[in-house]
Amino acid sequence: MPDIVWKVTVLYFTTILGFCCCFHTDVNPEDNPNIPAIAKYLATKGRYEEVNPHLIDDILAVNRSILQPPSAQCREIHLTAIIRHGTRYPTSKNVKKMQKLYELVKSSAAAKQSWLREIQTQWRMWYTEDMDGRLVQKGVDDHKHLAVRLSKLFPTMISEEKLRGGFIKFITSSKHRCVNSTLSFKAGLTGLWAITDKEFDHAVNDALMRFFDLCTRFVEEVDNNPSALSEVDKFRQGPEMRRVQEKIADRLRVPYNNITDDMAEAAFYLCAYEFAIKTVNSPWCRLFDEVDAQVMEYANDLKQFWKRGYGHDINSKSSCILFHDLFSRLDKAADENKSGQQVTEAVTVQVGHAETLLPLLTLLGFFKDSDALTSTNYASQTQRSFRTSHMLPYAANLLLVLYDCGGGELRLQPLLNEKTVTFPGLTDQRASMPLYEDVKKHYRELLQGCDFEAECQLFKPPADV
């Protein structure tokens, strides 16, 4: 979208909509022929709009009533936003899998349905390996729109005055999709306020935003250790996945042994990327019904659980450095506020990956089910809370907002994907905005321990004497 059109569009919507609750509740994505029936099961490849369906109708809609501070005295003094990059192209590894499936379908599929003819005669394999996870235009828009919505949700914090005054800090992973998402977020704000006379810096910090690469124990014990994901491998070879593969083979009319678990995954990705990038209900989506999609979603969740979530202790402990950085920012804001100073870092926007957010959410205890996800308990996990389709779409974001409610009372509100959530284990009547001291007490062990260097170094047995 050209800059001038973007500015006019944003200013128009902001003027018309104001800072009010402005979304309709009658949006039903299932009635939209452009939305695949399986859209809500696309895991980490899903759109942000599936998590917040009201945005389909109005991409700049916000609902400030969700904040509900306990008294009118409460005012925001600091906001940290940890955000996943926007919609991206597939990685080169997945492009290769997709290419292989496309060639099979084009050469061997014998079914007569119109959707298959469309794949074989009209659809072209347009993904190339050099795309390799780069941000797409939809990803640019994801972050521009998110910036505008957050400025409407927190108008005293994410404001032109605070941006120009240097009170908003931007930090990003070095990956191009994150840097470009950060640039897009900033463009959303400068476009909103028509700022053309000034540019705003960002810092690249992989120690914070790609901590998983620097955690030796995680790399050795999980990332580079095939046995760490044995439950994922068992599920991919198990009866549920085998049935999905057979149904895909039946729909294409090809021999069962032609459709491997990699082929099924490639088909799922083709549906997901066509939808996320182009908002197209692709004929590839017709290879799955809802039951199949739930199995594919579970396979994806299982991988995230064992590689980034609760499956191994080091997964979450690798985020200790980000955890401590987060609370040090909150403490600094609290101290400055207590001493009557202006909070020097009113807003911190940190852009990273799904692999940045999930270990931190896990360390904080969010979305923990009573039973671990395994290769054999798919049927009993249909109501699980650990569901990446809900937690980690493109542009997923965790917000922590610190409030001064008067009389030295500080409260902390967490939001995930612009919805209020409660800190696990904090269940008082004001659980959506507990006392900051209660939050710190709850995480006391992590605040006192959870040392990144200690957790991440490999244990070396003492040498023989």
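Quick reminder: no glycine exception, Cβ is built from N, Cα and C everywhere.
Because TrEMBL annotations are produced automatically, they should be read as predictions rather than curated entries.
Positions annotated as disulfide bond by TrEMBL: C74-C405, C271-C285. As annotated by TrEMBL, signal peptide applies to 1-22.
C285 (disulfide bond) counts 23 other C-beta atoms within 10 Å of its own C-beta, drawing on all protein chains shown. A distance of 47 Å separates the Cα atom of C74 (disulfide bond) from that of C285 (disulfide bond). A gap of 47 Å separates the Cα atoms of C405 (disulfide bond) and C271 (disulfide bond). Every protein chain shown contributes to the tally, and the Cβ of C74 (disulfide bond) ends up with 19 other Cβ atoms within 10 Å. One residue stands out among the disulfide-bonded residues C271, C405 for having the most other Cβ atoms within 10 Å of its Cβ: C271.
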